[in-house]
């Protein structure tokens, strides 16, 4: 089921397809996918507490564990796509698996025997003694359905963005230089995240309203139908897509370098990098836009490219577990260099995990009336994040980038790492605001004698929570796009689906760390001063938020240090046109005259966002 076989000629490797005409199919698929995902996930904490009658801390941990699993499976999906299946078939298979999971969830919401009976009276507000907890059988059906959706996301999430970017790799004209006239330009990743946030906006308004006011059968049925539309839209565009051939297992290549370097751990590395093993023909399938060139970092792995006795086979080919090319050694180095930057996103996800659990339960205790007849559903508070992110994305390219470009001289205004760092700092401000608002809400509950009435409405408008959600949305516009562009651009060419999966692995690790943090805080503060409890009026959720803010400040300092020390990958010239000319060059090497053995220019580059205006319409 693999896609087109690789040819020696890069121009013949892929059919002349793709371009802007494929975007409706790809973005429609992802729009419906995210609509379905967010339509369920946004209010999952309510489903677990109000329908399945789980205690708040258990429901919160179930939610973060589910998010962790959903963001862990993309690593497997990315490896499958890069190794043998290709991105198209991986996305298609993942979409079908997700569809099956959504059908299971809808059935569990519609069939009375698959959920516990409703609570009596006011007990519905809190999962207390008067509510019958879901049975193990009912939870098993729920968890198996969630597992199917997690498997499905493993196929779609690591591949959709990379697959969309693949559509613009052919026939791309040169970029306009700064200052040249032209219409405002959107980067592909900005457009992608704009579509994602638009889907979230619709989901947290329409779908959550249906779940709260019509019922969970329709509330889950609508996302299920949307997912079916997503699968249909994606498959319908099959004849138009560029389907890049997989380059073989990236993990195998990385493992071969590590094993070869360890075997030669006592071998001296030559001072001249030109003496290291190179094979352009062998690397052709994983370096169509240019080979990675030698760097002076992590030189232990250079031993894998040192030729010694027994490294070559009888026919002249290299034994892959004994000898690697410089390009493959640099693939491993690139991934290792990216990991410290990648790790900074873990705590960020941890700090935001409460937006889908504790913050929603906070909103449920507050005055949610907008008019006499209209109330904001608690999960719909996420709308403020979505609107803020949409607005920030729209303004970023069209207003902020031109001004920053004039100040910095950088074609994109600021680098990917600078954009990510700004998002990290703004996110810490969001949680500081959340802590202050929760402190005020708790004081309002105490002043009105509501500390022991968790089901009562605290006389404080839920709109007090809007700023923390809006600030978090603005942070995501900087951070999420910056991180994804960084991972896609700095990853080796043959590992881009795997690199995109690293983005989701951050989400997974952050979710599991959120579970660990909540559990640790809950256990450490258990007793009279318990911070996290079903009765938020007696809890000290504000202290938990301040703890998170402290961790975020430490994380920002760590990220700045890592960004300062990061070295961008070095690419060769391809057919006389350097990657710096194809993708705006950030930093040329000090010795511009330095060449490889065939006269290739050596460039330290940060690849710039793929811009839709750079694509010639058919």
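The backbone N, Cα and C atoms fix where each Cβ goes, glycine too.
In TrEMBL, annotation is done automatically, which means it is predicted and not curated.
Worth saying up front: this structure is predicted, and the values here are computed from it rather than measured.
Annotation source TrEMBL lists compositional bias 'Basic and acidic residues' at 592-605.
Residues or ranges marked as region 'Disordered' in TrEMBL: 581-605.
The feature transmembrane segment is assigned by TrEMBL to 186-210 (among others).
Per TrEMBL, transmembrane segment is recorded for 216-241 (among others).
Positions annotated as transmembrane segment by TrEMBL: 338-356 (among others). When Cβ-Cβ distances below 8 Å are used as the criterion, the transmembrane segment (338-356) is approached by residues 41-42, 44-45, 63-64, 67, 382, 385, 417, 420, 423-424, 427-428, 431, 434, 469, 472, 479, 483, 486-487, 490-491, 499, 502-503, 505-507, 509-511, 513-514, 517, 544-545, 548-549, 551-552, 555, 558-559, 562-563, 565-566 of the same chain, each at least six residues removed from its ends.
Summarising the annotation, TrEMBL assigns transmembrane segment to 376-396 (among others).
For 501-522 (among others), the entry in TrEMBL reads transmembrane segment. Residues 57, 60-61, 64-65, 67-72, 74-75, 77-79, 153, 157-158, 338, 342-343, 345-350, 352-354, 483-484, 487, 491, 530-532, 544, 547-548 of the same chain lie 6+ residues outside the transmembrane segment (501-522) yet bring a C-beta within less than 8 angstroms of a C-beta in it.
Packing against the transmembrane segment (544-561) from elsewhere in the chain are residues 341, 344, 347-348, 350-351, 354, 358, 420-421, 424-425, 427-428, 431-432, 434-435, 438, 517, 521, 531-532: each is 6 or more residues past its ends and has a CB under 8 Å from a CB in it. The feature transmembrane segment is assigned by TrEMBL to 544-561 (among others).
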